[in-house]
Amino acid sequence: MNSVAPFATRVLRPLSFLRILSRSFCSLNDNNGDGFSHIEKLIKECWKSSDFNTNRGTKDDNDGENDDDESQIPPNFSIKQYFFETTWRDADKVFDVLRQDDLGFNVYAALDELDIRVSCLLVRGVLLRILKVINYENKTWCARLAYKFFVWSGEQENYRHTVNVYHLLMKIFAAAEEFKAMWRLLDEMTDKGYPTTARTFNILICTCGEAGLQRKVVERFIKSKTFNYRPFKHSYNAILLGLLNINQYILIEWVYQQMLADNHIPDILTYNVLMYAKYRLGKLDHFHRLLDEMGKKGFSPDFYTFNILLHVLGKGDKPLTALNLLNHMKEVGVYPSALHFTTLIDGLSRAGNLDACKYFFDDMVKHGCKPDVVCYTVMVTGYIEMGELEKAQQVFDDMIVAGQLPNVFTYNSMIRGLCVAGKFEEARSMLKDMESRGCGPNFLVYNTLISNLQSAGKLADAHDIMRDMIEKGQYVHLISKKALDFMLVALSMVALSIEVRSCVVRITMEKLDPEILECSAQIRSDPFSSSAISSTAVISRSPARSSLVFFFFLFILVGAFLSTRFLDSSPVVDFVAQQAISTANAVSRDTQPEIFARQTISTADAVSSNTHSHDKTIQTTEEAHTKVEIPTADAVSSNTQPHDKTTQTTEKARRKIEIPLDCSAVNITQTCPTNYPVELEFDPAAPPPPTCPDYFRWIYEDLRPWREIGITRDMVERAKRTANFKLVILNGRAFVERYQKAFQTRDVFTLWGFLQLLRKYPGKVPDLELMFDCVDWPVLQLKYFRGRNAPAPPPLFRYCGDDNTYDIVFPDWSFWGWAEINIKPWELLSKELKEGNKKMRWTEREPYAYWKGNPFVAPTRMDLLSCNASDKQDWHARVYIQNWAEEAQHGFKQSSLADQCIHRYKIYIEGSAWSVSEKYILACDSVSLIVDPHYYDFFSRSLMPVKHYWPISEDDKCRSIKYAVEWGDRHKQRAQAIGKAASEFILEDLKMDYTYDYMLHLLTEYAKLLKFKPTIPQNAVELCSETMACPAPDQQKKFMMQSLVKGPSDTAPCTMPPPYDPVGFQALIRRKNNTLELVKKWEKEYWDNQTKQH
């Protein structure tokens, strides 16, 4: 190795920074519990200083690193103090005004009326408030408010936006996934002469999830003439360090090549970053060549170079070589610091050489180098990983004696070791010890303790810890503040209730239920945010718990009132009417469907009108329930499906023509083909198409608001306010204008679904324009579009709706695959679920109600946790919390949905809105227990209680679940029939062929209402399967190819059933509600009898 020159202040300068950073770990939240990963974070943070030898003393006023921290307010100095306090009060006033933004509210006029002085501090304060409350639920709303305020403030006199303000707004757009707006803001920023800085680059590069986009960002900054890369020597170093922070090691290699091609000379920082990238990529030969090249070009290894070398030697289990390197460092004047020893010990610990770890730990102490909290944590973690608890305890004790405060990672390692050794009381005592030392346990620590207690069967103890975690808000990085408020209130009410239920939370990682969407979105946003606002208002936590309790009771009362909006005055359903409707549904709809519909409804309505006259003679006890006409399992199995396409044509006959995609390297840029069929002729020899499943009739209901007035271009454009994209179909070609990026790949796979429809039915999809919103919650509230002078509702497509909105429901993206959580396209997955049903007979399955998902997205799910088995009560439910991040790290090995069909009962409960898991749960022929739903998707409105599922009361879940399970166990044949009916509905009536037919019929009916000729927007781009699939990332491309429609269909789509007539529609609603009321009656009688017996 080449000789190394002394470094003086450049070596020693960052050490104070390192000490401060290591102490701050006590307050961090992190998902990694081994304590090792933070060494790499320290390495990266420290490298930021290695290139500052000429510019360290200067500060770039336009690029403060802490532009999102209110702590920058100066100390209390009279006039300054008054100015800052006044400005912060003004920021609160502005924020209060912005929160009122809604239809009909002029936010600009309201801001003008405040008559406040606009300054940089005020603008930053307001934007910070918005940034801190943003979450998945309100992200679009927050982005809109931020931009409105940005525009308004920029128009005020004696004020001009700074680079910091632009950065803050960029961060808001990034958190809201408004990436297009973020790029427009960057263009505006450069057009107005503002310099782009390393901070700008870091914000942009961190939001680009795909490598292709990241390269475009890099190329733009390389070519930029306004890139102020201070305090780095040149732009390439600023870019390299930004890429290092997001682990883009391959891109680092590419930037380095561009740097050489641009005749820039690498310096010590360049080599340090590049060597670390080579090491992480496993290219050790390149690593050593770079080290030699660095010496030949006259660069001596510096403080950080030695740190990298020690890390490599440690992980390679080469303690002797590391010892020689430490001695060499002393010879050349670079004295090893605590960071160097910690890095080495960390590597050796990972290699399992604890004897060497102990040697170097003692050696650093002997030479006067004091171990810090990170070094002690690495030692403790190493011993725990090797099962040497006593040695870990000794190091932990020595640490405290030495005056080092353990951080959450130190405590987490000790708690894990104590749990593994079965010393649970000591582990709980360690939790208390944390708090006594001022180091509050975070979600990581709680999760470690709870999961180990659950695994050991100590459910009551796990429940106690869970309650403590919830009360202290130590999962705030997973949920919004609104949900947290509701959960805290719910816990308070449970504590005050007369009959306190003992509930236990079992946290396991056995099987996956894919109800984690909302949580993934919040994790993607600010992971340390503990507050949020809804899409229409900000709800701040009251300082008085009593106020929360009052509003909680008010919320329950309003919900109870709304839940009765469809209930008929008749308390029970007339069995004869139910039998008549069931019989009519079983008749083939191919033969005179209108006549059968009229006869069925007439019979049902006539009989229902006489219900009250028979109340005295009809038995309403549970014994009378056994007389209800519920089909048996054998009967359901033998029922023929009149609309089953598989009985008419084979797969081979339907796919005579196949047109594969060309994704060769030569054609990787991809343009849309010009030779794809634009017309479709169906096989004349094929039998007539079947009648579509009954849920197709809801298409007419969803489009009813525009049936009389039609749809104008202005109506479509008004839907742009919340839309993610506009889709235009002209002559069988698709064009899309994007407005805002959807969460994960929702918009990508939704558009992919449209393209597959065009491949399946070329020439059959009419010309149209539509707006699509990929967010869960429907937004077109009925109340805004009713009344004499109310505007017509804008047509807006989305995945779900409710009874109080006009949104048009459409099949969700997961039908073509959910890449982020490895859920396969529906055509493949449905076949796996069908096979999964055969693995275990219903009577041999676990006799419990199973649910696994994310409970933190809604109070109703949190309440479900209390239904778990405890030492005092068994509600016949097994409820699990899904740790999706951990599942992803382990390669989705426990994610097979087909393997979850091993319980007799499965629970479906909505989160913050509807959940895609509904079809997966119903597909298992287990009995689906559906907790009172508030939302519907395109097929679920045809599900009937007691026929396809068993209803569960939202207000009394635990008792309702227990009754449902006990009823099913007493009536096994009928319970199996319910599960079988739901499974066949999902696996037959919801096959991809019918999903595409639903899309075609919906779009056809929609296009009939358009009163204008569709045109291609100026900013739209053409989409086709080639341009989407070929350049897509691996997992997305895999799912796209699996869900690709191979070629045009040679069978016609199913025939639409007639729309509901008003009488028939009301009879359907009445029948459903009466059945729900009947189940509630049986349930009440059951619990009344239980009370009498005790």
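Using the three backbone atoms N, Cα and C, a Cβ is placed for every residue, glycine included.
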- prompt: Which one of 30-77, 606-653 shows up in TrEMBL as region 'Disordered'?
  reply: 606-653
Query: Cβ under 8 Å to the repeat 'PPR' (337-371), counting only same-chain residues 6 or more beyond its ends: which ones?
result: 15, 18, 36, 39, 42-43, 46, 303, 306-307, 310-317, 319, 322-323, 326, 329, 378-379, 381-383, 385-386, 388, 391, 399, 402, 404
Query: Within the repeat 'PPR' (407-441), how many residues are helix, strand or coil going by DSSP?
result: 26 helix, 0 strand, 9 coil
Task: Quick one: average pLDDT across the repeat 'PPR' (372-406), no decimals.
output: 88
